[in-house]
Amino acid sequence: MKELPTRLKLYVIFISVLGLVSLYFSVNSITVDILPKVIFFIALGIIAESLAIKVNGTIAISVGFGIGLASMLIFQSNIVVIIGFLSMLLFIEKDKGKIYCILNTPLYKRIFNGSAYSISLLVATWIYIYINSFVSNVRIADFNIIGIIMAVTGYLIINVSIFTCLMSILENKPPTIFAKESLWVVFNLIAISPLGIFIAVVYNSYGMFGVILFFGPLLLARHSFQLYINMKHMYMETIKSLSNAMEAKDEYTNGHSYRVADYATSIAKCMGLNSSKVEKIRIAAILHDIGKIGIPDNILNKCGKLDYEEYIEIQKHPFIGCKILSEVDSLAEVARIVKHHHERYDGKGYPDGIGGDEIPIESYILAVADAFDAMTSDRPYRKAMDKLKALSIVEEESGTQFHPKVVEAFVKYSNNFKVENV
């Protein structure tokens, strides 16, 4: 924790202290008769968090909130703090073949996550108890539906706010950026809410044994989803291998595709594009020069400016790339983005010489990212350009070579995607 910036350290300490204080008072309220139930739900919470599925390097999906919501409905007290806190503190995580637990991960991270989760659950419980005290005619299986809706809403507001503030302080960016990126969390938790209600209903009707039986099909569904994620990862690894094969032909473009992907996805997020479009842009950026496989090496690696015939030849690579990618059904939209990434807003680009609204916005985003990285990287015929100068050129070409809205986003958020000295 010593390496954390002061502001971030203070924030982590503040949330952690709130969580630990809540845990202290909650532990003191446990009675012997409910202890087995509490241990049972802690175990369920640990299992749920341990079986979380990683969608990518930073996002994981678990049914842990379902356990938290069920415990809120069953206990309707600050007991949920104990269940939530210990679930996050004691879960086991497997990543890239290595197992992580409380013994080999930073304790402050576990305490912070446990505090954030348990505080959110506690606020949700208070809301449910309050609503349940005067609205009692809208119920399902003895649970107050209005109370559940309001409690889940309260949980979402508190939990998302805690982590949005954390990321804002960590990366020194406006909270609104991370609030937009947290929408997937909101949808995920809303989708899991019925599961929490069902677990509570099963528990009240059949006890612990009923919940254990219910977990069988749930684990099977989890296994199926894990297989899907594994296939998606293999798909992305194949895409990266194709990109690496292309870059191996051109010694001057090593890492170019990945830098373009970083720039392009950042621009797309800044423009408010949805996650599906951002992902397609990322894939298109990684593969945007795949068509250069069909271009002779003597042209790609020429130490000097291309002559007219060579320039005509190099202009074929977007079309070749589109043709290659179009053979894969799942890459049809990516192929279109790649085909038009050298078109211009004024219609003077290639290969089709079209512009304006005829070009997908994703291609315009890729064009800016590609041009900026090309200008700021060494090439056979010139040295890398200063990033400030490259940025000014992008601004000058707004409305001619580049789409004005894309340039506006690039300039406005240039510090967000690691443009030095801007």
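Each residue, glycine too, has its Cβ placed from N, Cα and C.
What TrEMBL says about a protein is an automatic prediction, not a curated fact.
Sequence annotations record features per position, and here TrEMBL assigns domain 'HD-GYP' to 231-422. The domain 'HD' feature in TrEMBL is assigned to 253-375. Feature annotation from TrEMBL assigns transmembrane segment to 6-27, 34-53, 59-91, 111-131, 143-170, 182-203, 209-229.
Over the domain 'HD-GYP' (231-422) the predicted model carries a mean pLDDT of 84.
When Cβ-Cβ distances below 8 Å are used as the criterion, the transmembrane segment (6-27) is approached by residues 78-79, 81-82, 85, 108, 111-112, 114-116, 118-119, 122, 162, 165-166, 169-170 of the same chain, each at least six residues removed from its ends. When each of the listed stretches 111-131, 143-170, 182-203, 209-229 is scored by C-beta pairs under 8 angstroms to the transmembrane segment (34-53), 209-229 comes out highest. When Cβ-Cβ distances under 8 Å to the transmembrane segment (111-131) are tallied for each of 59-91, 143-170, 182-203, 209-229, the top count falls to 59-91. Residues 19, 22-23, 25-27, 29-30, 34, 37-38, 41-42, 44-46, 48-53, 101-102, 110-111, 113-115, 117-122, 124-125, 128-129, 132, 143, 148, 151-152, 155, 184, 188-189, 192-193, 195-197, 199-200, 203-204, 218, 222 of the same chain lie 6+ residues outside the transmembrane segment (59-91) yet bring a C-beta within less than 8 angstroms of a C-beta in it. Under 8 Å from some Cβ of the transmembrane segment (209-229) lie the Cβ atoms of residues 40, 44, 47, 51, 53-55, 63, 195, 198-199, 202-203, all in the same chain and six or more residues away from its ends. If one looks beyond the transmembrane segment (143-170) by at least 6 residues along the same chain, the residues whose Cβ comes under 8 Å of a Cβ in the stretch are 5, 7-8, 11-12, 15, 65, 69, 72-73, 116-117, 119-121, 123-125, 127-129, 131-132, 135-136, 177-179, 182, 185-186, 189-190, 193, 197, 200-201.
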